[in-house]
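Under the heading Fe(3+) binding site, Swiss-Prot lists 73, 75, 243, 318. The feature Zn(2+) binding site is assigned by Swiss-Prot to 73, 75, 243, 318, with sequence analysis given as support. Residues annotated as 4-imidazolone-5-propanoate binding site in Swiss-Prot: 82, 145, 178, 246, 323. Sequence annotations record features per position, and here Swiss-Prot assigns N-formimidoyl-L-glutamate binding site to 145, 320, 322 based on sequence analysis.
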């Protein structure tokens, strides 16, 4: 298929994931038409307009078409790994103990600062390829392992280059307020000053960040410190996101909502008030079962409270070297169902429509609607539930990015 190709996918079943459609918006005996990288028709094949009769046809053999999957929370660009910390945790050390002993995020900072931009791209591509192989068409990538201006810029530039190396959409997030670098000697206020006055202006000037994130936790930054970063992001007209309530309830979810954040992520310790605040603000709850599983957390995010409040829920891998070295969004869906008791529809919507909402790109992708990008995943399955049910099996038949297979 060429960039300006016109293609009809015939003999398909289509899960449109439209907002108010029941049963994932499933259409049997359907066709989907792509023209100039956009969806121009998605509906019953017997109602296909005659104007598309001359288009190239691809017979889907009754396979299921969904929106291309979206991994809306990753730390994909990093250097090295932290397998040694994994061994420590198996021996009983907690995430906090590893971090306070100089491990955790700070060890990844040392590795990233020593790596070149080319090194980072080279090391990250295999992780990205693993996601792409499962039908992923959009990936969010955070910085946050540089923690100084040049290293954060290096990370974000490496992330943007991923989208040049592969047919995938990359959304970049500046996560300067991720951890306190060792050279700050515990002075968090001075470091936040650097984030606000040194890093963020340079990153904003170069247009390297689609969003600004922070880690609101006792071992990272407190709500008043995060608020300073968010105020600065607002001044630069950059939307915000937040790692919130992962290890304790500092009311990070409510803080994120108060800034109209695109999303608040993790949320194991979020309370009902936080869920309600997020629903009112339209802030998406991005749940990260890979991290929950990997650090053997026991506190589950309040899925029932999110449902009751009407908070939208997304799922993501949280790929990172310390707490979620996970590169499978299919497994993430299974974890969302088995660990968090999310429904099949919630899981599939969570890696398509709601993931797009969490990135502020629902107007472009995430559902199969006329005018949206032709980002598709075509699956060799009989029931949508198989995407969530199977473990260690990839039923992807074809992946389509901007209309191209």
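Even glycines carry a Cβ here, placed using N, Cα and C.
What you see is a predicted model, and the numbers here were worked out from it, not measured in a lab.
Mapped onto this structure are the features recorded in Swiss-Prot.
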residue	record	Cβ within 10 Å
75	Fe(3+) binding site	25
82	4-imidazolone-5-propanoate binding site	22
145	4-imidazolone-5-propanoate binding site	31
178	4-imidazolone-5-propanoate binding site	26
243	Fe(3+) binding site	31
246	4-imidazolone-5-propanoate binding site	29
318	Fe(3+) binding site	28
320	N-formimidoyl-L-glutamate binding site	24
322	N-formimidoyl-L-glutamate binding site	24
323	4-imidazolone-5-propanoate binding site	26
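Only 75, of the binding-site residues 73, 75, 318, 322, have a C-alpha within 10 angstroms of the C-alpha of residue 145 (4-imidazolone-5-propanoate binding site).
Taking the C-alpha positions, the distance from residue 320 (N-formimidoyl-L-glutamate binding site) to residue 82 (4-imidazolone-5-propanoate binding site) comes to 9 Å.
In this structure the C-alpha atoms belonging to residue 318 (Fe(3+) binding site) and residue 246 (4-imidazolone-5-propanoate binding site) are separated by 12 Å. Its own atom aside, the Cβ of residue 73 (Fe(3+) binding site) has 31 Cβ atoms within 10 angstroms in the protein chains shown. Distances between the Cα of residue 178 (4-imidazolone-5-propanoate binding site) and those of the binding-site residues 73, 243, 322 are shortest for 243. In space, 75 is the closest of the binding-site residues 73, 75, 243 to residue 323 (4-imidazolone-5-propanoate binding site), judged by Cα positions. Within 10 Å (C-alpha to C-alpha) of residue 82 (4-imidazolone-5-propanoate binding site) lies none of the binding-site residues 73, 75, 243. For residue 322 (N-formimidoyl-L-glutamate binding site) paired with residue 75 (Fe(3+) binding site), the C-alpha to C-alpha distance reads 10 Å. Rounded to a whole value, the Cα-Cα separation of residue 246 (4-imidazolone-5-propanoate binding site) and residue 75 (Fe(3+) binding site) is 16 Å.
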